[in-house]
């Protein structure tokens, strides 16, 4: 019995030691351009309007560009909720409008073992990202009262979806129903702690503070 316990403890120790020796994957960030004045820096839950170019590190080939492949239009996305790549959520925090960053994203924070489209499995990716605008996102504390249309101190899926549509339309972005539905479901999956179909003010604020 003692031998069994000793082996179990030893196995746990070795496993923990190996885990500690293996570094967590990180995004390499290079600031290419920065404004002289920065009134606001990005944080989790913010809506970001960006232009970007994505390249494969192995051969430098371009796999996507908003300038070329998106009718020349920048894109909106919400930071910190895995709406984009994990590498974006990690590498675009604390960014200012007018700032341009180069991100080198390892496979674990990109498309991993599966790859996607023109991107082979286990690809390291390079992105040049230009931040054009920051807005309060659907998960920001400041937006709660604006989203709570009936003032009942809780948010329904319809209220969150209506807010998203209004924000996207305000800035000339194309309203994509399936995109909004998926984003709302993701928000409720993370925010609706008691799974009652609503996000209370307490749930909203508590989750936002963790971002």
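Keep in mind that glycine also has a Cβ here, set from the backbone N, Cα and C atoms.
Swiss-Prot annotations:
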type	residues	note
DISULFID	38-96	disulfide bond
DOMAIN	45-135	domain 'PPIase FKBP-type'
DOMAIN	135-170	domain 'EF-hand 1'
BINDING	148, 150, 152, 154, 159	Ca(2+) 1 binding site
DOMAIN	179-211	domain 'EF-hand 2'
BINDING	192, 194, 196, 198, 203	Ca(2+) 2 binding site
MOTIF	208-211	motif 'Prevents secretion from ER'
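Overlay of Swiss-Prot feature records on the structure.
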residue: 38; record: disulfide bond; Cβ neighbours (10 Å): 13
residue: 96; record: disulfide bond; Cβ neighbours (10 Å): 17
residue: 148; record: Ca(2+) 1 binding site; Cβ neighbours (10 Å): 19
residue: 150; record: Ca(2+) 1 binding site; Cβ neighbours (10 Å): 9
residue: 152; record: Ca(2+) 1 binding site; Cβ neighbours (10 Å): 12
residue: 159; record: Ca(2+) 1 binding site; Cβ neighbours (10 Å): 19
residue: 192; record: Ca(2+) 2 binding site; Cβ neighbours (10 Å): 19
residue: 196; record: Ca(2+) 2 binding site; Cβ neighbours (10 Å): 10
residue: 198; record: Ca(2+) 2 binding site; Cβ neighbours (10 Å): 19
residue: 203; record: Ca(2+) 2 binding site; Cβ neighbours (10 Å): 19
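For the domain 'EF-hand 1' (135-170), the residues of the chain that approach it from at least six positions outside its boundaries are 44-47, 49, 76, 78-81, 180-181, 183-184, 187-188, 191, 197-201, 204-205, 207-208, 211, judged by C-beta separation under 8 angstroms. For the pair formed by residue 159 (Ca(2+) 1 binding site) and residue 198 (Ca(2+) 2 binding site), distance between Cα atoms is given as 10 Å, rounded to the nearest Å. In three-state terms derived from DSSP, residue 38 (disulfide bond) belongs to neither a helical nor a strand segment and is classed as coil. Secondary structure of the domain 'EF-hand 1' (135-170) per DSSP, as helix, strand and coil residue counts: 21 helix, 3 strand, 12 coil. Taking the mean position of the Cβ atoms of 148, 150, 152, 154, 159 as the Ca(2+) 1 site, the remaining residues of that chain whose Cβ falls within 8 Å of it are 147, 149, 151, 153, 155, 156, 198. The recorded positions shown are 38, 194, 196, 198, 203; of these, the one with its CA atom nearest the CA of residue 152 (Ca(2+) 1 binding site) is 198.
Within 10 Å of the Cβ of residue 154 (Ca(2+) 1 binding site) there are 19 other Cβ atoms, across all protein chains. Proximity of residue 194 (Ca(2+) 2 binding site) to non-local residues of its own chain (separation of 6 or more, Cβ distance below 8 Å) is seen for 203, given in sequence order. Sequence-ordered, the extra residues of this chain that approach the Ca(2+) 2 site, with Cβ no more than 8 Å from the Cβ center of 192, 194, 196, 198, 203, are 154, 191, 193, 195, 197, 199, 200. Taking only the Cα positions, the spacing between residue 192 (Ca(2+) 2 binding site) and residue 148 (Ca(2+) 1 binding site) is 15 angstrom.
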